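J.: As annotated in TrEMBL:
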- 1-21: compositional bias 'Low complexity' (COMPBIAS)
- 1093-1104: compositional bias 'Acidic residues' (COMPBIAS)
- 1110-1123: compositional bias 'Polar residues' (COMPBIAS)
- 137-233: domain 'Ig-like' (DOMAIN)
- 239-326: domain 'Ig-like' (DOMAIN)
- 357-445: domain 'Ig-like' (DOMAIN)
- 450-537: domain 'Ig-like' (DOMAIN)
- 542-630: domain 'Ig-like' (DOMAIN)
- 634-716: domain 'Ig-like' (DOMAIN)
- 743-838: domain 'Fibronectin type-III' (DOMAIN)
- 843-936: domain 'Fibronectin type-III' (DOMAIN)
- 940-1036: domain 'Fibronectin type-III' (DOMAIN)
- 1-32: region 'Disordered' (REGION)
- 826-851: region 'Disordered' (REGION)
- 1080-1179: region 'Disordered' (REGION)
- 1049-1070: transmembrane segment (TRANSMEM)
Amino acid sequence: MRRLAARGAAGDAGEVAAPAADSTHCAQGRSPSPPRLIDVCAIWDTGVLPPTADWKGASSGVAGARLNEAETLSSIQEAQLERLEVATPCGPGSRERGPVLRMARQQLPPWVHAAILLCLLSLGRAIEIPMDLSQPPTITKQSVKDHIVDPRDNILIECEAKGNPAPSFHWTRNSRFFNIAKDPRVSMKRRSGTLVIDFRSGGRPEEYEGEYQCFARNKFGTALSNRIRLQVSKSPLWPKENLDPVVVQEGAPLTLQCNPPPGLPSPVIFWMSSTMDPITQDKRVSQGHNGDLYFSNVMLQDMQTDYSCNARFHFTHTIQQKNAFTLKVLTNHPHNDSSLRNHPDMYSARGVAERTPSFMYPQGTASSQMVLRGMDLLLECIASGVPTPDIAWYKKGGDLPSDKAKFENFNKALRITNVSEEDSGEYFCLASNKMGSIRHTISVRVKAAPYWLDEPKNLILAPGEDGRLVCRASGNPKPTIQWMVNGEPLQSAPPNPNREVAGDTIIFRDTQISSRAVYQCNTSNEHGYLLANAFVSVLDVPPRMLSPRNQLIRVILYNRTRLDCPFFGSPIPTLRWFKNGQGSNLDGGNYHVYENGSLEIKMIHKEDQGIYTCVATNILGKAENQVRLEVKDPTRIFRMPEDQVAKRGTTVQLECRVKHDPSLKLTVSWLKDDEPLYIGNRMKKEDDSLTIFGVAERDQGSYTCVASTELDQDLAKAYLTVLADQATPTNRLAALPKGRPDRPRDLELTDLAERSVRLTWIPGDDNNSPITDYVVQFEEDQFQPGVWHDHSKFPGSVNSAVLQLSPYVNYQFRVIAINEVGSSHPSLPSERYRTSGAPPESNPADVKGEGTRKNNMEITWTPMNATSAFGPNLRYIVKWRRRETRESWNNVTVWGSRYVVGQTPVYVPYEIRVQAENDFGKGPEPDTVIGYSGEDLPSAPRRFRVRQPNLETINLEWDHPEHPNGILTGYTLRYVPFNGTKVGKQIVENFSPNQTKFTVQRADPVSRYRFTLSARTQVGSGEAVTEESPAPPNEAYTNNQADIATQGWFIGLMCAIALLVLILLIVCFIKRSRGGKYPVREKKDVPLGPEDPKEEDGSFDYSDEDNKPLQGSQTSLDGTIKQQESDDSLVDYGEGGEGQFNEDGSFIGQYTVKKDKEETEGNESSEATSPVNAIYSLA
C-alpha cells in the first residue's frame, strides 16, 4: 500500500467562466474583470485545477462558457498531472503545494495553460482604466519587430489599440507617411489598425518590404507600435554544379562542405544519401553547426554510400538537395572485413597510422565569439585524429553553469542557454586520444541589446497630484534614452510648466486635465532597441468595484487562498478588508493585504468562514463589495488499499474508505497501472472497495484509488501480485521482535528541474514494525554547511517524492525512516544539486529601528537564510526617511544585518524599508516599518501643582513634559519634610508614565514639605521641578505659639528688635543732652526785643525755656500767639505761591528747610536744637 502525494484543493466561485483572452486575473487592482469570471488565481492558490466534466467545455475562445458546480472532473483526468507544481501562481508561497501525479498521457486543456500564464503575468501588469472612462490610446497587439512573411500568402501587419474615444490609425513606411488610400492592394481592418496587403489580383510582395510603424490616436494622445521590419521569405535554388569524386586516404580527416544558399530565414541543414537514407552520425562522423559534414578519420566503409546536403526552408516547406558527394577511399587493407569494426585495435588492424588530435573547426589554438544576453551560446570544437578523439569542455577560473549548459553533437558542441553577463570568460575544449591532446581556447564576450530595468507604466493622477514616469534600461554598450510625447520628440513639443525632464525620469507637478498625453521612451544601442508607451491620464473618479458582487468562494481547510477585490478610482483609493461587519481592519497575522488590495489568508481555519467586505475609499467617496467564504473539510482516504499477493482464480478485495465534506459530491474511481480501469464482469466497484473475482495473471499490477470532490482529491495505491497455483505466499506477519527501521539507501536524484527534483530511495528493513513516515532532510554548503534541516515528510508507503527547491542552493539530501519503535539512522547523503539563481521573493523579517544614542538610529533585521537568498552576493538595500515629510528616501546597501543612521534629531519617527537583493535582481517592494531615533532625557514635568486641602493630606498634580524626548517610562518623586532648620528623611516614589496625581499623608500638622519631580525615559531621569507645600494656616500658628516662642529664630528676632529700640533711645537722649548755648553765627534780620534774654557772649539760652513761646511772638489774652512784624511770612516758607494749611489749621511748609537754606546761603549753619529733630534725622 502506498499513499500518493497528490492532495490539493481548489476554490470555487459559484458559476464559473473560462477566462477570456483579454481577461484581468488575480490580484490586479484598478483593472476591469469580465463578468462572472472565475478567480483562477484563487483556485490555483488552494491546490489543484478547477474540476470540470469535459475539458473541451471550457475553450479559451468562448469567454462566456460556464462550468456548473455540479459538473465534476473525472478522477482519471484529475490524476493526469505528473510532478506538476500545484503552486500559487500569483503571489508568495507559490511553492508550498504538493505535487500532483500524471498517470495518463492526456494533457491539460489550452485554456488552463492560458489562465495560469495570465495569472502569472497579472501582478506585473500596469494599471488599467475601465473602458467607459476617457483615456488615451494603448497598443494592445502588434506584429513582431522582424516580421517575415510567406510570399504565397497575403501580408498581414497587426496593430490593435484601445482607448476612449476609440482611436484612429495611420502608418508610416520607412519613416514617411504611408497613404493606404492610394494603393488598391492595401486595406485596414475595420475598427483596427491591422494592415492587409492582398496579392490575389497580382503584385510582388518584395515591393512592400520596409520598416512600418503604426500610430493610434485619439484626442488625448497618440500611441506608437514598434518599428516593424517586413521581409519576404526567400528560398533560393541551389546552384548547379558537377562534383568530382572525393579521393581520401583511409584514416585521414575529411570535410564535406554544404554551402547552402542564403535563405530567409536560414534553412535547416541535414545530410542524406541520394536515396534519401539518413547518414549515420557518431563521434567520428558528425555535422557541424555550419552545415558541413566532418570525418575525424575516414574509414573504408564510408565509401558504401554517397553524401548529399539537404536544406529545408521554413515558410515554403520545401527541401532542396545538393548534388551528392562520392568518396573514394585509398587503403592499405582493401578488404572491408566487417569483423574488424569491433576490433579493440581496429586502426592498427587495418594498417592505419595513429596520430595525435588536430582541430578541424575552429582553426588554430584560440578564437573569440560574441553573444547577446538572453540568447543561446553555441561553442563548437571538431577534431581529427586516430583513434577518434574525445572532446571535453572547461571554463577557466570556474565551473560550467550546470543549470543551463548542455553538451550536443557527441560532446563536440557546448550550448549555454539564456546567456547572462557572468557567462563571459574563456572556455576551452580539450581533444584527446591515446596519442596525446590539444586544446582550443574560445574567448566569449557577452553584449546586450537594451533590456528593461524600469519600464514606464501608465500614470493615472487626480487633478493637482504629482507623479513621474521612469524609463530605465541597461545594455552593453549602455543604451541611450529618447523621450517622445504623442510620437514627437519631447524637445519639439510645446512647453509644459508642470513637466520636468531629468534624464530617465519625467516629473509631473500639479497636473491638470490638459496634461493628458501618451509618452514614448525609446532606448537603443547598436544591438537593438526597446519602445514603450505610457500615458498620463488625469481623472477625478470616485471608487468603483470591478468584480461581480457577492461572490461565493469555497476552499479546503488548512489551505492558502486569496480573495481579490479589483477596484478603480482616482485619486488612488485605499482599500481595507473587514470580516462579518467587524470594525477592525484585516491585516497582519494570518492575513496579508497586498498593495493592489487582494487579501491573502495564509492558512484557512474553520473560524475564517464568513462574509468578507472590501471597502475602497478616496476623497470623492467609497465603494464596497462582499465575498462569502465557505470552508470545507478535506477529502481523506482513511482506509487505504494494501499490497496483496493472491493465487490465480481467487477473489481479491481492495478497500478504499473515504472521509469527505458532506456538502461536496464525492466520486471514487480506480486506475490500473496509472490508466483508467475498465470495470468488467469480473469486477465490482462499490463506494468503499473494489472486488476482483477469479483473479487472472493479467490482473497483476498497481491499483490506485482516486477520491475526488469539486474542490480536492486524495489518492492511494496498492500492488496486486498474482501467483501460479503452486506458489505459496509468504506470511510476513509472524510475531517477531520489533525494532527501529534500517536506514534508507541508494538515494538517487532524477527529473532535475529548475525548482524541483525527484528523490528516490530504497527503504531499509522495517524490522517487523511497518514504516509510518519518511523525513527528508537537506544540507547546504553556503550559509550553514554541515547543518541538516527538515525539508518535508512523507508517508511510509512512499519511496519517491518530488521536492520543491529554492533558487541558488547547493542541496544535499538524506532520508530518515520512522516506525512505532523509533527513527532510523540517517541515510548516506545524496549527490549535490545546485539550483539556478533568481531574484529574492521575500525580504528580511523583524525590521526594527531603535536608537542606541540620542543622535542615532540603529536599523536591524533578521538575515535571510540559504533557502530564501535565491542567489549569490545577498545584500540588503536599506532606505529611511523622516515620517510625514516629503523628503526623499536615503538609501545604503548593507551586507550584514544592521545599519546605524547618525546625526538624527532626538526621538523622531522614521519610515524604514529593507529590501533584499542578489546578483539576479531585487526582491519585492518591502513593507514600511516605523522606527524611532535615540531617546534623551525628558524635560521637566509641566504645571507641577501642590495643594493642601487640610492638615492631614497634600495633593500633587502635574502634566506630562513638553518634550518627552522618548517613551516615558515613569516619574520619580522625591520629597522631604522640614520644620525650620530640622529636615526629615527623604522619601522616593516611582510612578507609571500614565500617573499624574499623588496624595501625601502628612506625618504631622506642622512640618512643611519640599517636593522634587522628574520624568524618566530609558536613558534616565530628566530635568526636575521643585515645589514646597504652603505655610500652615493662622489658626494653626495661634494654637502653637508657645512652640514657636521656643524656636531659636524667633528668640533671635526679638533680641534684634530690642537692641534697635535701645539704640534709638540712646541717640534721643544724647541729642537732648546737647541743649544749652548755641553760638549765633549770623545776626538775623529781625531785631530782638528788649525782653529777649541775651547773653553777653551773643548766644541764646534755651535750657530753661522749653515752655516759653517762640521768639518774635507774643501771647494774646485768648491764649493765641500773635505774629510779630517781620520780613518772614508763611508764604515765604511755603513751596511757592500761597501757603497751604491742613484741616486742623496748621500750615504745610518747609519752614525749617527754608531757614536752613537761607542760613546756608549766608555760609552759616545751626545744629538741631531738639531731640525730636534728631529722631527725624535718623528717620
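Cβ coordinates come from backbone N, Cα and C, glycine included.
Automatic prediction, not curation, is the source of TrEMBL annotations.
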J.: Report the listed stretch (137-233, 239-326, 634-716, 940-1036) having the maximum count of Cβ pairs within less than 8 Å of the domain 'Ig-like' (450-537).
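T.: Highest pair count goes to 137-233.
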J.: Counting CB pairs under 8 Å, which listed stretch among 239-326, 357-445, 542-630, 634-716, 743-838 touches the domain 'Ig-like' (137-233) the most?
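T.: Top-ranked stretch among 239-326, 357-445, 542-630, 634-716, 743-838: 239-326.
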J.: Cβ pairs under 8 Å with the domain 'Fibronectin type-III' (743-838): which stretch of 239-326, 357-445, 542-630, 634-716 has the most?
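T.: Of the candidates 239-326, 357-445, 542-630, 634-716, 357-445 scores highest.
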J.: Give me the DSSP three-state residue breakdown of the domain 'Fibronectin type-III' (843-936), ordered helix, strand, coil.
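T.: Breakdown, helix to coil: 4 helix, 47 strand, 43 coil.
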J.: How many helix, strand and coil residues does the domain 'Fibronectin type-III' (743-838) contain under DSSP?
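T.: Taking each residue of the domain 'Fibronectin type-III' (743-838) in turn, the totals are 0 helix, 48 strand, 48 coil.
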J.: Could you give me the DSSP helix, strand and coil counts for the domain 'Ig-like' (239-326)?
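T.: Going by DSSP assignments, the domain 'Ig-like' (239-326) contains 5 helix, 32 strand, 51 coil.
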J.: Looking at the domain 'Fibronectin type-III' (940-1036) alone, can you tell me the average pLDDT?
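T.: Overall, the domain 'Fibronectin type-III' (940-1036) comes to a mean pLDDT of 88.
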J.: Please list, for the domain 'Ig-like' (542-630), how many residues fall into helix, strand and coil according to DSSP.
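T.: Result for the domain 'Ig-like' (542-630), in helix, strand, coil order: 3 helix, 49 strand, 37 coil.
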J.: Helix, strand, coil residue numbers for the domain 'Ig-like' (137-233) per DSSP?
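T.: For that range the per-state counts are 7 helix, 52 strand, 38 coil.
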